[in-house]
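Trainee: As annotated in TrEMBL:
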type	residues	note
BINDING	A:103, A:252, A:256, A:257	L-histidine binding site
COILED	A:316-343	coiled coil
DOMAIN	A:3-59	domain 'WHEP-TRS'
């Protein structure tokens, strides 16, 4: 086992080295030599069929946050990381600011990992409870095919793409003007593009375009549409088809992605904006791309990879803003109960009780005073957002009970000492919503 | 609330600024001006009586770890962080490589936070399950008083201290030789020191020294011993007195600490070393020190602080080493179950089932193949350490059951589909031990 781990580490380091050389634009011979070294190591490790693995990337530096910000960040990260783990993620490094989903040496069957990526996106956005969202889906091959059948010259593909990508922010007329006026596209070509890119919908739009007399003649577009049809089948099985919109104007990351692309956007509700639902921008994106040649495939072929990144900083800002708008109090500690006393000379008893609670896994505090006033202890709970107070006095000690006070309602009830842990756990078992 | 958070942030930044100026050895006038600014801000914020707060420090850079290392690190961090949270910690930044426990403006009563720090140390070391440990306790004032009554000249306090601190590694004779031969101490003075520093024990040793005719005449030593007596009372209430050893040779961090000091050491068992129990070095340390003048006190007085740091890197190495010695397999994912099928053409059914499990919060995977062989699916579980396989075939689908297989025992049992989530949770509810 230890040997295998060391070998895996060597493969990883050699992979990094090759990637670095490529970024530095090293000579082809040098790269080839290092790749062949990598393949030898990889061969020793043996095949890794079907195994999938997420890589969590580290931030480029560390920043300081105040306790309020940290509490929000922590909850956002926790939500995302537990979703990744639910899907078999391996953590390479932490904290996470970006996620990429590699499928190592994965000779996987079409669209299965792609569908899982979309499922992950939906799970994360649902559990963050930051409002309604939609995931736009398109395919690089459909875009390329569409431009070809509309008559866009090859040399103009990229610049026309960047015009199309603006359609989520500006009306079609403006996009068309840019294409024709600035970029010199023939107006009738622009109009043909317009007919396609203003369409969006579900699997029925995919089926309709599969019958489209022009598009269905293009091999690339046909492949892309066929894959999307399969993808929608899997999305229906995953129960998320209603969250996904096939959108022919989605055209981002095309320097990188080679197949299916997707992007999640938050929808502003009418109540929030006083108007029509409106996209408030991308919070997660991903797609299919070609892995580095030879990186993970023993035969040195290009390997298909599926990548997904979550805009954690963006999500964090959204949550912060909403909390500020709501003037919501964010707890910076997770303390469940304060151990307090109304009478003097009970420090020892408070220490004994708080220690019992710690040993039972309860998050508990006490004031570091010999004889604190009850009012100060209750005030501390209000300020720190501690929901419960466990109060002991001579009478409670004699009766073998603890007075448990709910800070918000001021209700008090005597709980038998041996039932205290269970009762505190019962009352604080609901994790608070983050916004 | 938002305003208070902003004000707290300003206080924090101004505090950092003052600290920075002190480190840069700025002029006294400049520091005074900035401190007065800090105090104004602090006054706006109002008193913060009794509140305690931990500060988790960030690492100076980020490193890459492989999945195996990350899995171990994550479990170590989780253990430590959940202990901090149990004690009301606020997280300032993450990940944690060091913990300092400030008590802000805490006019706290003697030894209460000190006792809590020792409790935290014991909780962390117990839950990490890295073997038997002992926490050595001493007091700066006892050391200073002891040197004075033994007749050590003031100018030699520090160098004699550093000799004493070696007593956990070398025998007394060697330490004495260093004091007398290298450092020019009179042999009879060294012998007097030797009589003290070779002693260690519990509260009875404290009581014995409180009666010591020489030491009890020294004001500083008397104060230190009185505090230790009180500390041991609290430690008994916390149920950890047997883990704590008053050790007169503990003499570290004296440039920094001003009162109680402590250090946790792991004990090597006879079985591990084939000999006497032997300390394997410090894994956590802390003590009482004077806070920066004016930092947190509205009157600009020195404020007592309690600090505690955990040697996370050290603990991590120990856990890694032991795991390697045991040739223990470390799981790098937390997947609870693989959804599998023995027959062909069941991809859709596998997708449906895995989606049900994800939605119920179960960590689940499936192979990204349309028709994977059952043997390959089982092999994948063995390699990845996945404990359960949920197998479906035509018969299971017809009967409304799922065949649940325990990978280790190869036992299989039919579980009704509606009970599957509960059964998987029941079987995987024990968190694995980290070593």
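Every residue number used here counts from 1 along the chain in the order it is shown.
Cβ atoms are placed via backbone N, Cα and C, with glycine included.
Buried or exposed, and what's around them? Tell me for each listed feature.
Mentor: Residue A:256 (L-histidine binding site) falls outside any helix or strand according to DSSP and counts as coil. The Cβ of residue A:256 (L-histidine binding site) lies under 8 Å from the Cβ of A:287, A:289, each of these being in the same chain and 6 or more residues away along the sequence.
Remote same-chain partners of the coiled coil (A:316-343), defined as residues 6 or more beyond its termini with a Cβ less than 8 Å from a stretch Cβ, comprise 67-73, 76, 128, 130, 266, 280, 283, 349-350, 353-354, 357, 362-367, 372, 374, 377-378, 380-381, 384-394, 424, 428, 432, 434-435.
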Trainee: Which number gives the other C-beta atoms within 10 angstroms of the C-beta of residue A:252 (L-histidine binding site), all protein chains shown included?
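Mentor: Total other Cβ atoms inside 10 Å, all chains included: 20.
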Trainee: Can you check which residues sit near residue A:257 (L-histidine binding site), meaning Cβ under 8 Å from its Cβ, same chain, 6 or more apart in sequence, and list them in order?
Mentor: A:140, A:287, A:288, A:289
Trainee: Across the domain 'WHEP-TRS' (A:3-59), what is the average pLDDT of the model, as a whole number?
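Mentor: That region's mean pLDDT is 60.
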